[in-house]
Amino acid sequence: MVRSLSQWTKTLSFPARISPNRNSKDCNVNVLPITPPPAPPRNKSTSTSSASTMSSSSSPSSSSSSPTPPPNVPITEISQIIYPDPESEKAIMGSLVFCIHHKQGCKWSDELRKLKAHLNTCKHDAIQCPNKCGSQIPRVMMTDHLAFTCILRRAICEFCNVEFTGIGLEEHAGTCSSEPIYCESKCGTRVLRGRMSIHRAKDCAKRLRRCPHCGREFCADTLAAHGATCPRSPVPCPQRCDAGPFARADLDAHLRDECKALTVPCTFKEAGCRFKGPRHLLEAHLEANTSAHLSLMVALSGRQGQQINMLKSAMAKLSTNYTGTLLWKITDWSVKMQEAKTKDGLELVSPPFYTSQYGYKLQASMFLNGNGPGEGTHVSVYIKVLPGEYDALLKWPFSHSVTFTLFEQGTLGSGGGGQGGVAESFVPDPTWENFQRPSTEPDALGFGFPRFVSHELLNRRPFVRDDTVFLRVKVDPSKIVAV
């Protein structure tokens with residue numbers, strides 16, 4: 001890039017140690033313009049104007065104006081304008097200066113007279129692009145500019161080998177049909193851009209394909225796996241019968257109901273029949289073995305009855321009371337009382353209960369209209385000893401104290417007291433036959449209180465509520481009698 005001397009001097013920087021002005025770090029070169037001699041006057045007005053111009057040019061204020069030389073001055077006269085005498089020229093041109101591109105990183109520093117020659121080779125100085133694209137590019141960046149950014153550079157596409165200008169290559173990038181790119185369906189394959197549509201239609205593993213049996217769409221790479229489980233895919237009968245093929249979803253129904261080659265057991269398998277053969281022979285087997293099947297069903301019915309009894313016994317054991325205390329809830333009291341008054345000797349019996357898990361087996365009974373001395377006026381209660389599973393291990397006669405308590409309802413905790421009611425207790429006499437070890441036929445009545453509670457007291461106090469009565473029978477091995 002060609003520069004005039006005046007342009008150089010505008011941007012020069014001098015080191016402080018040799019600058020004409022030692023009081024500052026850098027010093028700009030200031031030059032005093034010299035006004036050229038005026039042309040001869042043509043007339044009076046012109047002469048007057050020229051004189052005025054000369055006068056203003058030689059005034060002190062003009063000495064501090066810009067150092068730019070006057071226009072249209074020949075280059076041979078510039079040195080005379082800037083340097084009015086040889087001593088000034090020698091002092092200025094011999095000054096030590098930095099390159100005008102020192103802020104960009106140029107390390108050059110030398111006399112001012114060598115600056116022009118340095119700028120002709122300085123790598124940071126801007127020059128015209130040789131392709132005449134109009135850009136001013138520093139020499140250090142010219143190689144990259146010519147290779148990558150110049151809009152008039154000539155470049156060849158690395159994929160299709162077609163030559164383009166720089167701007168043409170930028171427009172061509174991203175559209176080249178020979179450029180390999182990854183499949184847009186994300187199958188992982190790189191395909192030439194020009195063949196992408198063919199790849200997606202025929203070769204892509206992620207293209208959608210319709211199942212020919214069920215009509216659903218799947219990726220091409222999963223269609224084979226779907227075919228192994230498709231419910232509408234045709235499959236042959238695994239028993240190799242003459243029928244078929246069948247849709248996979250219908251195969252189970254065919255094997256269960258229709259397949260003649262399937263080996264099936266006899267319908268009386270659970271009863272013990274061991275026949276097992278093709279389906280078409282099953283009907284003949286049933287007709288030929290009717291009596292045998294009937295005998296098997298009778299035996300099965302007997303076994304099932306035994307199992308039912310065992311289950312009932314197990315359920316009874318789970319619900320049996322082993323605490324030695326029975327809380328007997330008697331419902332529908334009014335109906336049962338009326339029935340007891342019309343039928344002589346009507347007795348209610350409680351569920352059996354035990355004094356402990358391996359203890360005595362007992363049962364309470366009640367005559368609502370009384371028994372013996374209390375018949376027609378009182379409620380009678382009794383307890384009897386039943387044959388138990390562990391009687392051989394127990395001590396006889398039975399000697400635990402027994403307490404009957406008929407509860408008043410709705411009085412629990414009222415006034416700070418306990419549950420109200422009527423209680424009667426006794427301790428068995430060892431001589432009583434009722435409490436000896438029972439035989440298989442237990443005592444029909446047992447032992448208790450024929451006049452436990454009168455009908456009049458039963459109606460006067462709240463023993464009956466919601467047509468329900470609660471009677472507690474407590475057996476205590478300590479032989480303590482409740483008062």
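Every residue, even glycine, has its Cβ placed from backbone N, Cα and C.
Automated prediction, rather than curation, is the source of TrEMBL annotations.
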(Q) Checking feature assignment: zinc finger per TrEMBL, candidates 225-283, 343-401. Which range matches? (A) 225-283
Q.
Treating G and I as helix alongside H, and B as strand alongside E, what does DSSP give for the zinc finger (172-218) in helix, strand and coil?
A. 12 helix, 11 strand, 24 coil
(Q) Across the domain 'TRAF-type' (225-283), what are the DSSP residue counts per state (helix, strand, coil)? (A) 21 helix, 10 strand, 28 coil
Q) In the domain 'TRAF-type' (117-170), how many residues does DSSP put in helix, strand and coil? A) 19 helix, 12 strand, 23 coil
